[in-house]
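Here's what Swiss-Prot has on this protein:
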type	residues	note
BINDING	Cys40, His62, Cys169	Zn(2+) 1 binding site
BINDING	Cys92, Cys95, Cys98, Cys106	Zn(2+) 2 binding site
Amino acid sequence: MKSRAAVAFAPGKPLEIVEIDVAPPKKGEVLIKVTHTGVCHTDAFTLSGDDPEGVFPVVLGHEGAGVVVEVGEGVTSVKPGDHVIPLYTAECGECEFCRSGKTNLCVAVRETQGKGLMPDGTTRFSYNGQPLYHYMGCSTFSEYTVVAEVSLAKINPEANHEHVCLLGCGVTTGIGAVHNTAKVQPDDSVAVFGLGAIGLAVVQGARQAKAGRIIAIDTNPKKFDLARRFGATDCINPNDYDKPIKDVLLDINKWGIDHTFECIGNVNVMRAALESAHRGWGQSVIIGVAGSGQEISTRPFQLVTGRVWKGSAFGGVKGRSQLPGMVEDAMKGDIDLEPFVTHTMSLDEINDAFDLMHEGKSIRTVIRY
């Protein structure tokens, strides 16, 4: 079938809106009509060429919502007409990782997904006979996409796709990191480095967890009003100080902050976040994705004296079994999604959405099909 899509033909180049061919779903696969998709920093990261797993030409997009059109052989968990959110972190329920009960990092389709392919090692997309790669198992920058059954969360059909599509990545990642990775407790102190969608979601999650002091940190003060709306008690612009942000936080509490979250992908900020964590029990959670080849460092004494460095992917959330409940929470107002959507656009305007993001003028732009 034909589908309009925004295709990245080469790194560092604007996306091109073209009509592509989408092949039918094979065994264990599902064809979806995408209704909405967010434009995320991870898409921009891959488009920049810095992503070690980036392959081109590719249909990007991984933060979407849509409706099932057709199912392949053996698919039982969804049927045509079901409303779904594609998952870049699958949940098969059968692999060693799923059965461990310790992680959400299912490996059922990981090997082929990282190569831009479907589980059988081929692609369902082509343009003028040339194969196009899939992206993160989702490829929501196409009006129609094919996704593995294990990479789909079935959601309430009454949910507003313009909002709940954000649960496909950023908001779930931030809120989940608070509850599942850090396990923030009432009255704990929290510092959030970077107030993009993920950082703001961390702030909201910290409020849900009834954290005491919630410190929001960003060099763009225009984001502070929204941070306060989501629950920040303090907003700090590092550029307002003539000393490192770590020292600013240690002035607030000489022993440090209970939980710090790095939501940028800057290895220097990752170190500052770790060294701002509370002596004896503080933990720092890395959520931001750093560029290819970059490494983190700190003095071992920082860990010897009780600090813990952690990472979080998709907020530790198991997509098929847990994400539908987060959609219900959003429908009840327990998760506030609407303020994240600062712009809505058509697919033809998608390059403008990337410009807004790079200029710091948007939190999330949602593309409507």
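Cβ atoms are placed via backbone N, Cα and C, with glycine included.
Known features from Swiss-Prot, placed on the structure.
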residue	record	DSSP (3 states)
Cys40	Zn(2+) 1 binding site	coil
His62	Zn(2+) 1 binding site	coil
Cys92	Zn(2+) 2 binding site	coil
Cys98	Zn(2+) 2 binding site	helix
Cys106	Zn(2+) 2 binding site	coil
Cys169	Zn(2+) 1 binding site	coil
Review point. Which whole-number value in Å describes the distance between the Cα atoms of Cys98 (Zn(2+) 2 binding site) and His62 (Zn(2+) 1 binding site)?
Key: 21
Study note, to complete from the structure: Counting only residues outside Cys40, His62, Cys169 in the same chain, those with C-beta within 8 angstroms of the Zn(2+) 1 site's C-beta centroid are Gly38, Thr42, Asp43, Gly61, Glu63, Tyr88, Met136, Cys138, Gly168, Gly170
Check your understanding: Taking the Cβ of Cys40 (Zn(2+) 1 binding site) as centre, how many other Cβ atoms lie within 10 Å?
Key -> 26
**Study point:** Near-site residues: Zn(2+) 2, ref Cys92, Cys95, Cys98, Cys106, CB cutoff 8 A to centroid
**Key:** Ala90, Glu91, Gly93, Glu94, Glu96, Phe97, Arg99, Val107, Ala108, Val150
Point to revise | Proximal but sequence-remote residues of the same chain as Cys169 (Zn(2+) 1 binding site) (Cβ under 8 Å, at least 6 apart) | key: Gly38, Cys40, Thr42, His62, Glu63, Tyr88, Phe314
**Study point:** Under 8 Å by Cβ from Cys92 (Zn(2+) 2 binding site), same chain, sequence gap 6 or more
**Key:** Cys98, Cys106, Ala108, Val109, Val150
Revision key, fill the gap. Counting other C-beta atoms within 10 angstroms, the emptiest spot among the binding-site residues Cys95, Cys98, Cys106 is Cys95
